[in-house]
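Report on the following structure.
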Amino acid sequence: MGRLVAVGLLGIALALLGERLLALRNRLKASREVESVDLPHCHLIKGIEAGSEDIDILPNGLAFFSVGLKFPGLHSFAPDKPGGILMMDLKEEKPRARELRISRGFDLASFNPHGISTFIDNDDTVYLFVVNHPEFKNTVEIFKFEEAENSLLHLKTVKHELLPSVNDITAVGPAHFYATNDHYFSDPFLKYLETYLNLHWANVVYYSPNEVKVVAEGFDSANGINISPDDKYIYVADILAHEIHVLEKHTNMNLTQLKVLELDTLVDNLSIDPSSGDIWVGCHPNGQKLFVYDPNNPPSSEVLRIQNILSEKPTVTTVYANNGSVLQGSSVASVYDGKLLIGTLYHRALYCEL
């Protein structure tokens, strides 16, 4: 009798494990292949060889790139090279990427930038917020951009127990931001277990020098985050749920969910066209290829444009898609004055004229 019980329990456990594995494959879109959608005027950006995970563009056309992300479980084309911040002036006739100098005293050797966001203060001071994973830990670095010197002055490192697994950030003040935690845990094994069991413990945190609080939760894996041009709404990408959440921002900085847009791809970073309010999304058609890297079958890329997200039927357009032959693992797409920049987790970056 005891053996029958043991065999029965083992069978139940194996069935549950199998069901979770199948569910994870579905969340990763492991069987999906993408059909190419080409743009006619594109070229790879020289100097970006090992990823440009996030991009943010100032109103004057200066674009910031976070490059060189290393992440447990992800491939890297430059595993021994520290990350950095590059800048490109999109108003130039032939824009090129230049690395920004960072002030002395900042630990460049362990710099591992992830999501980024800019904020322009009332006195026109530009702040750059960078999610950083030094030695795979979690901090938010706040810099002052000094345009005349093409440099970043490090102002502050933010660490907090409510920021255990930071992915992306959107700045709403000189030392104020919303950030996504893609996991509840910081330990790599517990992160994997959390993902495997589909616990939906990821969240969004509001940070200010005087208050830190969870303002939205229940996400599978909260990823990209951004704010509408009128500052009324926060958009959050839930990458493994294939969703974009629209949340209303209140005066106390709390968030209330208004709607969820379901998509058929893994949504990564979100960029906003300030002139139209359109959301541009860097997507992963097949997430399994990201984590099990095969140079003969590389991860594909996909860029979506979402118009009128607050309406009953938003318009979703595939602007660009590639099977990995040109661009692998697109994570962000940002537009400025008819120009499109597409960044990746660990591959190249693309410049296109629309």
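Quick reminder: no glycine exception, Cβ is built from N, Cα and C everywhere.
Among the candidates ASN226, ASN323, the residue that Swiss-Prot annotates as N-linked glycosylation site is ASN323. Swiss-Prot annotates ASP54, ASP168 as Ca(2+) 2-binding residues; of ILE102, ILE116, ILE227, ILE234, the candidate listed for that same site is ILE116. For the Ca(2+) 1 site, Swiss-Prot gives GLU53, ASN167, ASP268, ASN269; the one candidate out of ASN112, ASN223, ASN322 that the record lists there too is ASN223. In the shown protein chains, 30 other C-beta atoms lie within 10 A of the C-beta of GLU53 (Ca(2+) 1 binding site). When Cα-Cα distances from ASN269 (Ca(2+) 1 binding site) are compared across the recorded positions CYS42, ASP168, ASN254, ASN323, the shortest belongs to ASP168. Annotated pair HIS114 (active site, proton acceptor) and GLU53 (Ca(2+) 1 binding site), C-alpha to C-alpha distance, rounded: 6 Å.
For the recorded positions CYS42, ILE116, CYS352, the ranking by surrounding Cβ atoms (within 10 Å, all protein chains) places ILE116 first. It is 9 Å from the Cα atom of ASN167 (Ca(2+) 1 binding site) to that of ILE116 (Ca(2+) 2 binding site). In the three-state DSSP scheme, CYS42 (disulfide bond) is classed as strand.
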